[in-house]
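Enquirer: Quick one: the structure is below, and I'll ask about it shortly.
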Amino acid sequence: MSASVSAAEMAAVKTSSNGVWQGDDPLHFAFPLLILQALLILVLSRLLAFLLRPLRQPKVIAEMVAGILLGPSALGRNGAYLHALFPPWSAPVLESVASLGLLFFLFLVGLELDLRSVRRSGKRAFAIAAAGISLPFACGVGVAFALRQAIPGADQAGYAPFLVFMGVSLSITAFPVLARILAELKLLTTPIGETALAAAAFNDVAAWVLLALAVAISGSGGSGHGPITSLWVLLCSAAFVAAMMVAVKPAMTWVARRADAAGEGGGGEALWVSATLAGVLASGFATDLIGIHAIFGAFVFGLTVPNEGAFAGRVTARIEDLVSELLLPLYFASSGLKTDVATIRGGAAWGMLALVIATACVGKIVGTFGVALACGMEAREAIVLGVVMNTKGLVELIVLNIGRERKVLNEETFAILVLMALVTTFITTPTVMAIYKPARAAGRRRLHHRKLQGPIPSAPSSPSAGAGAATANELRVLACIHGGQDVPALINLIETIRGHTQPRRLVKLYILRMMELTERTSSILMVRAARRNGLPFFRPRRAGEAPQDQVDVAFGTYAQLGHVSVRAMTAVSALHTIHDDVAAVAEDKRVSLIVLPFRKRHGHGHGGGEGEGEELGPEWRAVNRRVLREAPCSVAVLVDRGFGGGEQVSSEEVAHGVCVVFFGGPDDREALELAGRMAEHPGVQVTVVRFVDGKAGSEEQSEVTLRPAKTKNADRSYTFSTAVVDTRKEKELDEAAVAEFRQRMGTLVRFEERVVVGNVIEEVVSIGKSGEYGLVVVGKGRLPSPMVAQLAVRPAEHPELGPIGDALASSGHGVTASVLVVQQHDMSNADEVPVSVVVDGHAHDGEFAKDMAEP
């Protein structure tokens, strides 16, 4: 895709067509062709991003590969296709639109850069950055000499700009990609993360200065102007930066304060956002007027906007979706369209590609690693720092495109350097993930195993019976939420659990809002605001500061009216690691119970019916399963069907029935303990229904055994602990727990025993459908009673809830009550697998026999 188009050709191009019915071909007009090009690029890049997601690759990789596939390297080998969809005259149109997105993207990069963390890291980050740019720069200069000899036409550019461009292309670090990798590894706000960001910031500043020098030199080289012109360009650039920091930065601080005072959605806020966007355009025009690229002005202007307040987040939210999801993919795809891999001809050229990749990696990693070790960092952290500093990505592509525009890089050299950027960026995340596996999960966790149920005096002594149990007068709960929809039911549940006896139980409620880490700039800003030393933390509001949203308002009101200690935190993490945040906070705060929202939000119909529910997605189901497996305390999953009427109510207005379904086992005993706390509330009527096997003690009773079933999928089958247990001891513990509970509760709780001979699921579902109860509490049943064990062969809709919880949560059974599925913390039974049911020595579902037949 050549950008060399004559003025006559561009003058002949018309913007829009009159349509095919009037004889116009839309592909011969600029605007409809631009729409089709954008559509092709977006569809292909999204598809590639989806395919590369398991490898945790940044979107820029998919966008670049999409451009290469659409360009002359692949599909573009068909001349008719290339001339029809990407003709030479369309290149300036596509690149102009894409460059506008690039302008605002560099503004967001400057906004994202935290100058305070740069200052905090000080001399160490500066030394690491100096080594991380000087050694690869020197290596790049050395490779430049080899390239000029080996690549035909590479020596047509002047020595000085070619050497500087090569040095910059090998030494630059892609700050935005680096920030996202660190955020995914939960290192962004740790000492190593702040050092990496500060070093990358120093690195980028030096690289931008060198690039500005290269642009100035290359701009004067072919126009007949001497070095005096380059000197003037550099002096004007320095004056521009000084003016922005001295005059514009205080002005933007004043603008941010005014916008925050106006509030989100206020009439004045739109004015200040518009002024900021105009400032981006004006700064870009100013640097282009000086003689360096417009992106420099946008980047420097981004540094002048304060990023610690709400204004930065609102400006980012206004523009980042359009920029990152539409315009930026066009820019990087256009880079791919200009890349013709076929221009790399012969063994010498491919050898040059390998040399450039090896030199880029070795220079950056070795230089950073050596100085980091000298600064006192551990070897593993030093090598990780070197690898992440080798991230190239989008900033590298910007440099290469500028070099190509200035005729410093020819087609073959450009293709070699683009492939180098792709390879170095591609290997960064997998390499870091392989090298750096934080020891926090293994080292800090498992220290305090906590659960609600304390030791039962009448039960046989158990070494773990009271390990880590919550104290009698204090209950610490960690409630996880996705958004405001989860708040009313959660507050009503906490109010129900804490009771109202004298002395009142002391409740400490920790709220953890779970948010997915994305590649958006606002996501990185949220990580910085929500994490400290790699962990979510409670950020107290300043005096006079308004609550951020309805969640803050709701919990603030509950803390004041309910006299409950409430601490709110936010976890911004990739979904495959967010369970680490939940477990780490539970460990740090020594909570006894984690409450998780179910992945489906059920609609609340009228007349006791149930409307359509909202599905949060299978990723959140996986999050819940990981929390259930990794948590250092007991866990409860709340299936909300409008618990408490779907609205937050005061303590005096709480009035609902709670039914606890008891079959036996550790999880059911934990549910019974929770029911005892609920029964203390004067507005809550607790009923315990204990199911008894009608065949117990008779000749018809069968012996039920669970065996691991390798052929079953854990995503579609219930999982159980296959630990060897003493069934007689479990029965004794059940009897002792029930006896102690009835003696302690007395008339506060209605107790009922139901003898079941037929379908136990029908009996349980009838409780949820009866309309008597607002909440049904069940155990998950990891160590199930014989009645529950026989249900393991049922088709599982929500296997993470266990057979009983799944039946009550299913939308097809007509259950109107909310459901709370409780799992007691027990590390000895943490490993769960799909099972087959063996009744009297025979495989009940055919799976066990199949397993035994396998080698």
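In case you wondered, yes, glycine gets a Cβ from its N, Cα and C as well.
Those TrEMBL annotations? Automatic predictions, nothing curated.
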Enquirer: Would you mind telling me which of 1-21, 64-84, 316-336 TrEMBL tags as transmembrane segment?
Expert: 64-84
Enquirer: Counting a contact as 3 or more Cβ pairs under 8 Å, with residues at least 6 apart in sequence, do the transmembrane segment (348-375) and the transmembrane segment (159-183) touch?
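Expert: They do touch: at least three Cβ pairs between the two stretches lie under 8 Å.
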Enquirer: I'm a bit unsure how to read this: which one of 29-52, 96-113, 159-183 has the highest number of Cβ pairs shorter than 8 Å with the transmembrane segment (269-296)?
Expert: 96-113
Enquirer: By Cβ distance under 8 Å, which residues at least 6 away from the ends of the transmembrane segment (159-183) in the same chain are close to it?
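Expert: Residues 58, 60, 109, 112-113, 132-134, 136-141, 143-144, 147-148, 193, 196-197, 199-201, 203-204, 207, 210-211, 213-214, 217-218, 221, 356, 359-360, 363-364, 388-396, 399-400, 403, 406, 408-409, 417, 420-421, 425, 428-429, 432, 517, 519, 521, 523-524, 527, 572-573.
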